Amino acid sequence: MSKVTFAFENMDPKKVDEGNVSGDGDIGSIMGFSGFGKKARTFDLEAIFEQTRRTAIERSHHVLEEREKQMDEEEGESSKSVKPPLHSQRGKSAAASSRVRDSESSSDSDSDSEVIGPPVPPQHPAPEDDDDELVGPPLPPGYMGSTAHSDDDEQEEDNDDDDDDNPVKRIPGSHEITLQHGTKTVSALGLDPSGARLVSGGYDFDVRFWDFAGMDQALQAFRTLQPCESHQIKSLQYSITGDVILVVSANAQAKVLDRDGFNVMECVKGDQYIVDMANTKGHTAMLNCGCWHPKIKEEFMTCSNDGTVRTWDLKSEKKHKSVFKPRSHQGKKVTPTCCTYSRDGKLIAAGCQDGTIQIWDRNLSVHTKFHCRQAHAVGSDISSLSFSYDSMTLASRGGDDTLKIWDIRNFRKPVNVATGLTNYFSMTDCFFSPDDKLLVTGTSVKKDEGNGKLVFFDRVSFQKAYEIEVTNASVVRCLWHPKLNQIMVGTGNGLVKVYYDPVKSHRGAKLCVVKSKRKEKHAETLTQDYVITPHALPMFREARQRSTRKQLEKDRLDPKKSHKPEPPVSGPGRGGRVAAHGGTLSSFIVKNIALDKTDDSNPREAILRHAKDASENPYWIAPAYKQTQPEPVFADESEEEDSDKEPEWKKRKI
């Protein structure tokens with residue numbers, strides 16, 4: 001049916017066939033059809049669709065022609081070889097449009113099979129064959145850009161493969177910055193897990209905080225403090241979350257600080273009079289080392305000269321968590337000089353002064369799980385222990401100038417040994433690179449005898465792969481941050497050096513080297529200096545002296561200025577002034593004492609000399625006791641003479 005007609009005729013129930021509608025004569029009136037008597041409009045849907053199709057074809061044909069004209073103008077003379085395909089394209093498109101017009105005049109049944117829309121250009125094949133074709137006009141003859149690009153990609157891939165095979169090329173040693181901690185040895189370094197802040201401590205008791213994002217090229221620390229007063233800093237380390245810092249100093253109590261340097265916790269000190277160190281609550285002697293647990297954020301460990309390794313909980317500062325007691329071959333107490341956790345936190349390792357390395361299971365503190373008796377020379381401090389990332393390999397740095405690598409599954413002898421690495425400090429570091437292929441340590445030097453070096457060893461062959469001359473002092477502390485890919489080094493002359501690579505490193509030192517120094521804020525000064533003298537005004541100015549005669553006449557009228565000076569005193573003195581030989585009261589008294597010729601050899605006569613005057617003219621004491629004072633009776637001289645004639649045995653013995 002080519003036409004669709006919508007018509008509503010007047011449906012009278014009487015005209016409906018009785019066989020079809022029987023007994024329902026009132027349906028039309030019930031349904032409301034009885035009031036419709038007009039015919040509706042007639043729509044030819046096929047004609048509407050055909051008109052729309054023609055309009056789309058014409059528009060797409062015009063758009064295609066405009067695109068061809070633009071391409072011809074852009075290519076110009078250099079693309080003449082490309083024009084024939086375009087002409088053929090035009091011909092094909094014209095033929096396609098003519099076929100479309102012919103199809104329009106065909107029957108209605110044929111129009112249903114016709115494709116609606118513009119024809120597909122002949123230069124673009126089917127989508128399934130479009131994988132190898134380039135989008136756009138064909139390339140000019142002799143163009144080799146694709147092959148050259150592919151060669152560059154192959155070379156870059158080869159270089160990447162070489163970098164993967166050679167771990168030395170990953171060392172960030174091309175650039176460096178220097179942070180001035182102080183003038184004494186930097187004995188502790190710590191970097192938070194994100195790499196945003198660095199903390200350094202030294203023999204000068206100071207702990208300095210460095211913020212890479214907040215520093216400029218002046219490279220100044222934003223905070224300096226002395227958390228342990230007059231004690232050298234032995235170790236600094238951020239927790240695994242980076243919110244607190246463990247501070248191990250030369251006293252017996254470790255401290256925990258927050259990121260801004262405020263005190264969070266201080267470990268308790270033990271009783272030094274108890275023999276068994278397991279029965280004390282804390283350390284009783286100087287600390288040597290300390291570190292955080294790699295998995296549990298509240299647990300940390302310290303070792304001390306009291307011969308114990310103790311674990312602590314951040315929430316309970318009144319008592320340690322567990323105690324590990326290293327023992328020598330004879331069962332005697334030995335001093336642990338360094339300690340560390342394995343990467344999974346299941347093992348605890350300690351290096352001791354007798355050259356042994358002892359490893360415990362973290363949950364079993366009585367007996368050692370691994371024990372190497374002669375790891376380093378006896379009496380040399382093992383300065384550092386470090387587990388590899390697989391927790392199967394252990395590196396040890398000894399005071400006997402050696403660096404050794406161990407397989408803990410076969411702990412009797414080292415896998416490899418490097419000698420000739422001078423070590424003068426009890427905290428010289430050694431550690432594995434982030435890819436676990438290199439082992440790094442520092443060397444010590446005496447003053448003015450060379451440069452301290454940072455030495456890199458290949459883990460498999462244990463050959464020296466690379467070295468960096470740091471400065472003319474010992475290299476003590478060093479660490480390699482895996483996220484930043486930067487190396488921090490603490491030296492014996494108070495410097496902290498940060499080594500980085502502009503391409504291979506991230507953030508860290510790269511953030512502060514690009515910032516220019518802040519200009520110092522100077523106080524506003526006057527462009528011209530003014531001398532303010534308030535008495536320079538005429539109303540305050542004193543009269544000028546015109547002649548000395550008038551000044552002398554004026555002074556003569558002044559009683560103070562015209563007073564004649566007193567002449568020197570001659571004789572006994574007068575007017576309250578003493579003679580010239582002494583102007584003080586003491587000299588006057590001495591003089592009078594020396595001139596006094598009275599003889600006081602008989603005190604009785606000296607007292608009775610004034611008795612007659614006192615009795616006749618009492619003045620000081622007698623009037624007060626006039627009514628009650630008894631009459632004094634003095635002994636006669638005859639009695640004294642009789643006493644001299646008494647026998648010796650009657651005389652009073654003095």
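Each position is counted from 1, following the chain as shown.
Yeah, the Cβs are placed from backbone N, Cα and C, and that goes for glycine too.
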Here TrEMBL annotates region 'Disordered', and of 1-25, 326-350, 426-450 the range meant is 1-25
Other same-chain positions with a Cβ less than 8 Å from the repeat 'WD' (280-322) and lying at least 6 residues past its termini are 234-235, 237-241, 244, 246, 248-254, 256, 264-272, 274, 333-345, 348, 350, 362, 365, 426-427
Spatial neighbours of the repeat 'WD' (382-410) not adjacent in sequence (6+ beyond its ends, CB under 8 Å) are 337-344, 346-347, 349-353, 355, 357, 359, 370, 372, 375-376, 416-423, 425-432, 436, 439, 441, 457, 459, 462
Reduced to three DSSP states, the repeat 'WD' (382-410) has 0 helix, 18 strand, 11 coil
Given the repeat 'WD' (341-361), its same-chain partners at Cβ distance under 8 Å and 6+ residues beyond its ends are 291-296, 301, 303, 309, 311, 324, 326, 328, 334-335, 367-385, 387-391, 394, 396, 398, 400, 406, 408, 411
Tertiary contacts of the repeat 'WD' (179-211), defined by C-beta under 8 angstroms and 6+ residue spacing from its ends, are 219, 221-238, 240-242, 245, 247-248, 259-261, 425, 427, 474, 476-479, 481, 483-484, 486, 488, 490-498, 506-508
